[in-house]
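K.L.:
Per TrEMBL, the features are:
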- 2-226: domain 'HpcH/HpaI aldolase/citrate lyase' (DOMAIN)
- 57, 123: substrate binding site (BINDING)
- 123, 150: Mg(2+) binding site (BINDING)
Ligand code: GLV
Ligand code: MG
């Protein structure tokens, strides 16, 4: 949500989303960036953000705005702020700079040191090349976010439609980028989040692009419009069928490895052989399903004879 728009700052509070980020960067015109800092502080401290992760995106470190963005927002609303998002991160020192500044502000105003997290956007070639060290650069880091619009500009991709395949390329032009971000995120136990889809009236297009990163393992995607929210929640949550199946695998494997199941390391669930690796896969799907609020529609029954 642009931090310069009172209307959007109010609207954001009622949306069924996991996170809201209030923007001081590219959705905020240069002339209003300074006043937007104060509008954001007011919105965070007086609004009802319950159930949502509250994040502010500051300007990137090639501008002169970043330090005042961080100081104004964190001094003013640090106790209710979950993360600061740093865009166009190019190397680990930029994240460390933000970590140190946050620590100084927390100490100055008496906030618990280290509670405020950092989200790093990967939006250019240098950021992607350095993404492994960026992902390991600070214990505050929670999330790596792909920024397709800036990224496409940074590498001169021959397309103006953000997130869509560039015409003339026969495969997925984003596979390498997404995988590289995902590997860095998983190596450091961080969330991997896909960026925006700008054709806000084309929900089918949004879904198609979202399915690509969801299939690889990304945890979620930005939405720019309320019309994209349901699609995002659906695409990044498991289907009911997969959720039920995952819970069944967990039960069946727990039973098989118990005394009642004969301490077996592998077992049959219907026609499917399951083992410890199946349990790990099932844990991911079951965890996402539980987080999305799904309930089981099937239950496990131990086989009579093993
Ligand atoms: C988001 O910031 C993007 O550049 O896509
Ligand atoms: Mg960007």
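Placed from the backbone N, Cα and C atoms, the Cβ positions cover glycine too.
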K.L.:
Using a 10 angstroms cut-off on Cβ to Cβ distances, just flag whichever of 57, 123, 150 is the loneliest among these binding-site residues.
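P.N.:
150, out of the binding-site residues 57, 123, 150, has the fewest neighbouring Cβ atoms within 10 Å.
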K.L.:
For residue 57 (substrate binding site), just give me the three-state DSSP call.
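P.N.:
The residue in question, residue 57 (substrate binding site), is strand (DSSP, three-state).
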K.L.:
Tell me, what is the mean pLDDT of the domain 'HpcH/HpaI aldolase/citrate lyase' (2-226)?
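P.N.:
Reported value for the domain 'HpcH/HpaI aldolase/citrate lyase' (2-226) is a mean pLDDT of 96.
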K.L.:
Report, in whole Å, the straight Cα-to-Cα distance of residue 123 (substrate binding site) from residue 150 (Mg(2+) binding site).
P.N.:
5
K.L.:
By the DSSP assignment reduced to helix, strand and coil, which category contains residue 150 (Mg(2+) binding site)?
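P.N.:
The three-state answer is helix.
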